[in-house]
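Here is what TrEMBL records for this protein:
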REGION    29-87  region 'Disordered'
COMPBIAS  29-44  compositional bias 'Low complexity'
COMPBIAS  63-78  compositional bias 'Low complexity'
REPEAT    165-199  repeat 'PPR'
REPEAT    202-236  repeat 'PPR'
REPEAT    313-347  repeat 'PPR'
REPEAT    353-387  repeat 'PPR'
REPEAT    388-422  repeat 'PPR'
REPEAT    423-457  repeat 'PPR'
REPEAT    458-492  repeat 'PPR'
COILED    553-599  coiled coil
REGION    608-654  region 'Disordered'
COMPBIAS  614-629  compositional bias 'Acidic residues'
COMPBIAS  632-641  compositional bias 'Polar residues'
């Protein structure tokens, strides 16, 4: 039975009947006043819709609890330009973890293009990749030296507001260091040192920069980096940072600074023995540079003797091994290498790597034991080390310099068997080796093989083959390679010009020398040095051709003026063509506008014509109807008059 409203109201208690506006099912909503009881629900629902739209457009990057504001505290204004805090590892779960695993599978399959593409497509999807996923793809691109693809993907994820971690910064710094751009790396490093940076540099950050600065000879900046590391206190004194800087001073021949840096590191660590063996190789080299051979060998015996607690890995072993091999301690180096091979037990203990074999090859070659070097090079496979192009080039260089061309060519053939692609430097080394033993045709053949292999030799490679041909008085062939450079899109450098200029002067072919000199003067990218100018002038004076230099400069000035005139004429012609094209486009646009206007007028006139016809037809129909009405009225009036006259006559008769 349905209950009526009056009956239901009688069932309620009296207080509830006195307050009918109380909402029983919406306890969180305040009681509206009589003036806003209609507007308030609408405002609340509108606010909820706006909040939902905002959440759909800007989904939260993490599910962590929102920070609570203290009661009565003022609301903090959010800064949209403030750097975002990177995500924590906890976000790598659910669908985002599945996406991460899928991209890692593509990386293991070496399908980096698909991995990068999937990362891009997922950025604006409902399954946004984490920064850890992006870092994995960036690291894979960096390992394969795909620097352009790395920068493109890094720019994309940065613009997509993926907050970088310190690993992201380290990958970017490593890229610039690999490209030998330490200044650009330092600019990005300074971003980490800002007060508002949510990311702090790690020891790896300082190691990357220290190694790059030391390898590029920027030792003052390396010292500043080390001092900044100590002053800020963000990272403890790092042994690898000191080792890299010590190596830079060793390469510069400054053993005193290398030893003083070791003493400073020992002091910073409280005077205790340094247990990381990475510093001792460069320390020994510093002692050798200072002529302190006994101190170097005492250090070696101390850190590698029985009972030593110093930790050595493959890298630190290689540094000590190199120090011994470079300073005539081959027997000690052999003993250390045998020890490294015995301790090598991958994956638990790795004491031998590709660098270890390269160091031993150098040590054998310095001692002129080339067959031993070839033998130890072939033993890499026993330790699961695969030689790369750099390793082959190193041994080919040693063999070629010592006229062992047959052995060098054997290594070149072995590269193809092992699937190692020779690079431009490999062919340059073979060219130099063949020229050294007067195998000119073979040298030219190796140069031509570079094009067959799809390589693009640079100006230095051309200079090598031209220099070898010049030494055997085959100037015409050298000139042919010089003329080939523009065809191969290679710009000759000043060494290319000076090589031929000297050869023509020595061969008394002064007309050809003048042509080369003219090429130098006409090329704005090179400079005609005073030495070359004096050489040519002296040769011309001996032949009684003093006026040829004056004529040369006059010809150059005239050709430059003609070239400038042609350039100005071409520029004017191009501007005229551009102006003509612009006027043509304007005329076409005007014609289109006029045609559109005519079509519009015709359409309007057609519409107006149809409307006029309709009005005329309507008017004609109205006139006909009016005529019929008038005629009908006329007939009615005539009938009425006749009836009136009849009635009048009847009245008179009566």
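Heads up, residue numbers simply count up from 1 along the chain you see.
Cβ atoms here come from the backbone N, Cα and C positions, even for glycine.
Annotations in TrEMBL come from automatic prediction, not curation.
For the repeat 'PPR' (388-422), residue counts in helix, strand and coil come to 27 helix, 0 strand, 8 coil, using DSSP. A contact links the repeat 'PPR' (313-347) to the repeat 'PPR' (353-387), because at least 3 Cβ pairs that are 6 or more residues apart lie under 8 A. Secondary structure by DSSP for the repeat 'PPR' (353-387): 27 helix, 0 strand, 8 coil. Helix, strand and coil residue tallies for the repeat 'PPR' (458-492), in that order: 26 helix, 0 strand, 9 coil [DSSP].
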